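A.B. asks: Mind having a look at this structure? Questions to follow.
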Amino acid sequence: MSGPPTLALANVSKSFGAVRALRDVSLELFPGEAHALAGENGAGKSTLVKTLAGVHRPDSGQVLLGGEPVTFAGPADAQQAGVAVIYQEPTLFPDLSVAENIFMGRQPRTSLGRIDRKAMHAQARRLFERLGVTLDPEQPARGLSIADQQLVEIAKAISRDARVLVMDEPTAALSGNEVARLFSVVEALREQGCAILFISHRLDEIFSLCQRVTTLRDGAWIASEPVEGLTHDDLIRRMVGRDLDALYPKQDTTAGEVALQVERLTREGYFTDVSFQVRRGEIVALAGLVGAGRSEVARAVFGIDRWDAGSVTVAGRPLPAGSPTAAMGAGLALVPEDRRQQGLVMELSIERNIGLTGLRSLRRGVTISRAAERDRARDWALRLQLKFGRLSDGVGVLSGGNQQKVVLAKWLATEPSVLIVDEPTRGIDVGTKAEVHRLLSELAGQGIAVLMISSDLPEVLGMADRVLVMHEGRLTAEISRAEATEESVMSAATGRAA
Amino acid sequence: MAKVLRWDVMVGVLLVAVFAGGSFTSPGFATIGNLSFALGDLGEIALIALTMTMLVVAAEVDLSVASVLGLSSALVGALWDGGMAIETIIPLVVLVGALCGLVNGLLVTKLGLPSLAVTIGTLALYRGLAYVVLGDKAVAQFPREFTALAVDDVPGTFIPYPVALFVLLAVVVAIVLHATGFGRSLFAIGAQEQAAFFAGIRVKRIKLLLFVLSGTVAAFAGVVFTLRYGSARADNGMGIELAVIAAVLLGGVDFDGGKGTLGGVIAGVLLIGLLRNLLMLNDVSTEIQSIVTGLLLIISVLTPRLITALKPALSRRRTSTDQVGPESALKGSP
Ligand SMILES: Nc1ncnc2c1ncn2[C@@H]1O[C@H](COP(=O)(O)OP(=O)(O)OP(=O)(O)O)[C@@H](O)[C@H]1O
Ligand SMILES: [Mg+2]
């Protein structure tokens, strides 16, 4: 590590009102190094990223580019200086095509100066090939799954030939295969001398990709050190400030009667002939690659989309197609994958968001009881250890992981009998992840049937009583807890096994 | 500081200023007789503004309200001319208004068309129907006991009947919007429709209901209008949808949905009413009145945005923190 760091922060502090998101934090990114940034939800990671990206101006301290102090007036300045950023929440324009989003503002031109669509689409296709994903460059960004949006953001960032690549939880919605491809691309960039800043709550990823790691706790710098020689437990201790117990405490339960029965469910173009059941007290995982149709099945079961054939039965009663209201009435709850669009109303406060699923039960006479609304929110905020200022604060200022907790709270508060969770721990830190797992396990213990979609393999293996695997819209395997291993799940997910 | 810059508070202050200014410059302005007249003159706009507020909060709009009002007026005239009893005419006409609203609502919810486009279409359609019904004629000679209901004051007060009705409905709408689950749903739909749908809110059904209500109230306003002027014409109430929307936006309701208070809208309605009255007292021509309405509309859309843009600069000067500032650079995401 000779020469000055490509990009660095020196003694940076940043506050939002009373919240001190960063306190006197320093960080150096050298050419050819992949540097991890670790910390709990709300530790200040995204704030640090936005400071590097020119979105936030530090209250004090400096940003250094090649050793020289710089002031980025905005994200455009940082981009100009060769800093490419993947933000935690995708920022695509829904009405533009995937390719237009990738090449926004720097579209290839024809000799006449018009946008060369052919060249643009071809370049986009090459990017996707490098990433090993099948996405259509010409389709509009609207309607892309959260994982696909993330992949488009990744393609956008790596297409910039940046000197610094900053990635804020790029893998949170991706499964093993996509992560592996992303890492090989990042590895190549690193070897060309690019500096990488990488954030993830999956510690394995940090250990396999990065050489150094900086840890933040409550906005303060804790350590910057080589990854080599560090153990998982060391890193968790730095992040949390204490030791943590077992990470996946799913208790054995005896499965009760069938709570959710899905029979030959088909939605043309998305999934075909999907049949399974979930019993009370069971946690059933739905595994597979991104795009296998897992979220689509969940959406159909909950009534967001209509199905074309088949049936869904809850506690012995058939459910009508296409009605979330009816599904909720039958005791179903869906924690959706995309918290910004589907899970939360960003403009509303924490308590209003949590109350939104209980407008009926919060009613006293004709009006809503504000006290009951607040109690419901406070109760669940405490149970999920939500980090917040006031319950009347907009949910938009919470850190990503804390927003995810609000989505969970909003649905757990409906006291469902069948809980479908789509990536329940996406963007959630290790401590809280264990907490969410404990909670899911406890809910199952109380007789709730849980269907869990997850791209996080250790989570699937640790939590599930049974693993269902989907591949290209079909269920390809059902694996019992005893037989479920990384290999057996992955080979079914990639379609290699029968 | 945030409190002072709150838009509905500012409109309230503006209202007081206009009132004070009016009393100084126009001698006839601050008399009880004139104010009572000004209120009555505002009746239809005020009534329609109530349903319009709910629509705009849910990120929809109904531009056909003035045409429904005209159609309703024309129907009242034609049916009265045909010898039907006014007691039968009124419910019939209000029902037609509900149907007009239903058509708007079905086009928006079933076909997924934008309400702005749909209701510009039906604005022309319903006004055309009004002419088909009554042509260029005017029908007058309504019985005094009915016109009295539209102009007279509630006994012992200076409040005209339509205003009393408005006050009653305003209380109902205020409660519905700000204290019931239905109101909560409207704000959620306006701010993030998909999340509202995922939370089990029946988005389409609610929108349909809003359009039906809007048509119903507009038709009822048409009856009030007809009786108040004692004259049914196909061109009655032409263009008042703009005054209604100006009042709603002046009242601080965000045209993109999800934000607004009924208190603000009432202040907005009164402001528009006082201004119109002042202009009329000073014999300002209708063209100028229209220009003023247009300017108010633009100002009410523009100013909140200017405030949001200026707020960080203002607060930075004072405390050097930026709560809403650069974050907005990331907005515009899907
Ligand atoms: N624009 C803002 N206004 C007010 N507070 C903010 C704002 N942005 C961040 N915060 C607060 O700053 C703290 C740090 O947030 P940040 O998003 O940096 O956390 P993070 O480490 O990225 O967490 P996560 O792992 O959940 O993504 C949090 O308490 C958050 O609520
Ligand atoms: Mg973050």
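Yeah, the Cβs are placed from backbone N, Cα and C, and that goes for glycine too.
Automatic prediction, not curation, is the source of TrEMBL annotations.
Look at TrEMBL and you will find B:35-58, B:65-83, B:89-109, B:116-134, B:163-187, B:208-230, B:236-253, B:260-279, B:291-310 tagged as transmembrane segment.
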A.B. asks: How about long-range neighbours of the transmembrane segment (B:208-230): same chain, 6 or more residues beyond its ends, C-beta under 8 Å?
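C.D. replies: Answer is 40, 43-44, 47-48, 50-52, 54-55, 58, 60, 62, 64-66, 68-73, 76-77, 90, 93-94, 96-102, 104-106, 108-109, 115, 140-142, 146-147, 149-151, 162, 186, 236-237.
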A.B. asks: Quick one: find which recorded stretch in B:35-58, B:89-109, B:116-134, B:236-253, B:260-279 has the most Cβ pairs under 8 Å with the transmembrane segment (B:65-83).
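C.D. replies: Between the candidates B:35-58, B:89-109, B:116-134, B:236-253, B:260-279, the best contact partner of the transmembrane segment (B:65-83) is B:116-134.
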A.B. asks: Look at every Cβ pair spanning the transmembrane segment (B:260-279) and the transmembrane segment (B:35-58), keep those 6 or more apart in sequence, and say whether at least 3 of them are under 8 Å.
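C.D. replies: They are in contact.
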A.B. asks: Is the number of Cβ-Cβ pairs under 8 Å between the transmembrane segment (B:89-109) and the transmembrane segment (B:116-134) three or more, considering only pairs separated by 6 or more positions?
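C.D. replies: Answer yes, regions in contact.
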